[in-house]
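Written below as structure tokens is the structure these notes are about.
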Amino acid sequence: MVSFDKFKIWVLFICLVSELGHGFYLPGSYPHKYGVGDFLNVKVNSLTSIDTELPYSYYSLPFCKPEEGVKDSAENLGELLMGDRIENSPYRFKMYTNETEVFLCQTKPLSGDEFKLLKERIDEMYQVNLILDNLPAIRYTKKENYFLRWTGYPVGIKVQDAYYVFNHLKFTVLVHKFEETNVARVMGTGDGSEVISTVGNEGSDAPGYMVVGFEVVPCSFQHTADSLKNLKMYNKLPTPIKCDPTTVSMAIKENEPVTFTYEVNFVESDIKWPSRWDAYLKMEGAKVHWFSILNSLMVITFLAGIVLVIFLRTIRRDLARYDELDKEAQAQMNEELSGWKLVVGDVFRAPSNPGLLCAMVGDGVQILGMAVVTIMFAALGFMSPASRGTLITGMLFFYMILGVAAGYVSVRLWRTIFCGDHKGWVSVAWKAACFFPGIAFLILTILNFLLWGSHSTGAIPFSLFVVLILLWFCISVPLTLIGGYLGAKAPHIEYPVRTNQIPREIPPQKYPSWLLVLGAGTLPFGTLFIELFFIMSSLWMGRVYYVFGFLLIVMILLVVVCAEVSLVLTYMHLCVEDWKWWWKSFFASGSVAIYIFLYSVNYLIFDLKSLSGPVSATLYLGYSLFMVLAIMFATGTVGFLSSFWFVHYLFSSVKLD
């Protein structure tokens, strides 16, 4: 089994590029036609909990196993990296065939360890996640005259001092009749019938159905010993089962077995196949979400417009005033007045740690490009929730490909800083290829050791670690070096002014400049903090995030605001004769990451109140740190590049002696 898993991971590694190349085929996005009586196989995913955020394998608990044995069903690297462990299950239906009192199995008497583990999973509010035809099982609960939607169902419940397990499941499968005349409308093309996946007898006139909904009601039912005699899997129990979700009766006890049963009911529905995910995408508070986003967009757009207008008017007034003066007056003004023109001989002086700055800017371009391309593909529907893992797989693929951009930008910036010198460009390209990935690899390795110690399915297998390292050094690093070579061959950006040999002394400031830099991140944070709440909810509360169109708009607006904030702060520093603008322009917009991390801590304290255990909190903070570092690189790069363009444009537009 272990060797097969390793072989499968290697196949995934080899087929990664070819898999992503077929962009128009999304796993699970084509309707499957089932004939009456055709078998429908239910799959199981990892057990999940918002209490611990540690996923575990379904079969880590004493549940019934399929007769043919447990088999993995992972489709891509993204599923493995997300901790999904999709496997087959013993639940098996026949299309449009209602069944009741179906016996599944009776477990062996629970050992002390199994009994203790079941109680722990119930206390930690673990959910069982089932999948039918790529649709997760959904559960509805009524609260104060409205319905709440949940994916999956709880393992069990604790009532007073007793623990009860949900051992009987009542399934409802919503089906829609398949009609040949509606194929074009369903698929959006007149050739749709050629790509419809059919199961069963082809060419028959019997009606076919598509699965458009999968609902589950968990019950706790105590079976009598007499009703279970001589029963095999899928036999019908001789006594009826009354499924009442409001009562529990199957208490788990040590050295006693647990019996699992189920029933299934097929209901014909008016839901069309393209709309079958609507029930999952109706997030609670959706109206508040849309209103808040629109309100945030309007407010930030208004503020950004004001900043831009004031900024342009100030610069134009300064330029016009300098241009109107003759040379003698300019020389006199240079002696009497202070301002950005006085740092003309130092403004392009090389910053401290230029190699690190170039590597961070190159990595920022790579991360930002990956985010924009991924969100655009997701907004177009190529990475829908129906395609599990494709979002992570796509991000990994685009990040590797954009290594060319990281190497090119970092090396060309290096040559620009040193006025076209080629020396050291290989070292800079290597830094760009290894700096951020190295930090990410270190964080994920530490977190993975915690997951390994917890025996969680969220832990990346060692063989997959090897695959990721090979992807890094065999694809990403060579592409970054190729980009660096192209950057070394490209002409460097020439400075419009010469740099003095002796640096100018910076006058003492009334306030610490770094304090202003750190405070500059508040405005970019205002563009995304509302959207950030819904992203955090989807990551840690098990909700489905799908408004990628809004996310793309927010990202574009974030880039604009980061550029404007960095421009304004750079101009302010130059006006007080502070010519060390390189790093400050990077961190002026990159400081938004600090506020995002503080927001993450706030979310942990006030929204994830149930998160228990030091391992869970460490994992949360570790992944949050990884996220904010990526955001800092991306936003800092936007601020630096915009400031560099501004400084270059400003000093090339004014008349100089």
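All positions are counted from 1 along the displayed chain.
The backbone N, Cα and C atoms fix where each Cβ goes, and this holds for glycine too.
According to TrEMBL, the signal peptide annotation covers 1-23.
The transmembrane segment annotation in TrEMBL covers 290-312 (among others).
The transmembrane segment annotation in TrEMBL covers 356-383 (among others). If you look at the transmembrane segment (356-383), the same-chain residues 6 or more away from its ends with a CB under 8 A from one of its CBs are 23, 26, 390-391, 394-395, 398-399, 402-403, 405-411, 413-414, 417, 428, 431-432, 435-436, 480, 548-549, 551-552, 555, 559, 582-583, 586, 630, 633-638, 640-641.
If you look up TrEMBL, you'll see 389-411 (among others) marked as transmembrane segment.
Note on the transmembrane segment (432-452): residues 54, 356, 358-360, 362-363, 366-367, 403, 406-407, 410-411, 458-460, 465, 468, 472, 476-477, 480-481, 484, 615, 618-619, 622-623, 625-626, 629-630, 633 of its chain, located 6 or more positions outside it, place their CB under 8 angstroms from a CB of the stretch. What TrEMBL lists as transmembrane segment is 432-452 (among others).
Positions annotated as transmembrane segment by TrEMBL: 464-488 (among others).
TrEMBL lists 514-540 (among others) with the feature transmembrane segment.
Sequence-distant contacts of the transmembrane segment (546-569) (same chain, six or more residues past either end, CB-CB distance under 8 Å): 281, 289-290, 293, 296-297, 300-301, 303-304, 307-308, 311, 368, 371-372, 375-376, 378-379, 383-385, 516-517, 520-521, 523-524, 527-528, 531, 534-535, 584-585, 588-589, 592, 635, 638-640, 642-643, 646. Sequence annotations record features per position, and here TrEMBL assigns transmembrane segment to 546-569 (among others).
If you look up TrEMBL, you'll see 581-605 (among others) marked as transmembrane segment.
Annotated transmembrane segment per TrEMBL: 625-651 (among others), in sequence order. Beyond the ends of the transmembrane segment (625-651), by six or more residues, the same chain brings 315, 340, 344, 347-348, 357, 360-361, 363-365, 367-368, 371, 436, 439-440, 443-444, 493, 495-497, 524, 558-559, 562-567, 570-571, 574, 581-582, 585-594, 596-597, 600 to within a C-beta distance below 8 angstroms of the stretch.
Highlighted: of the candidate stretches 389-411, 464-488, 581-605, 581-605 has the greatest count of Cβ pairs under 8 Å to the transmembrane segment (514-540).
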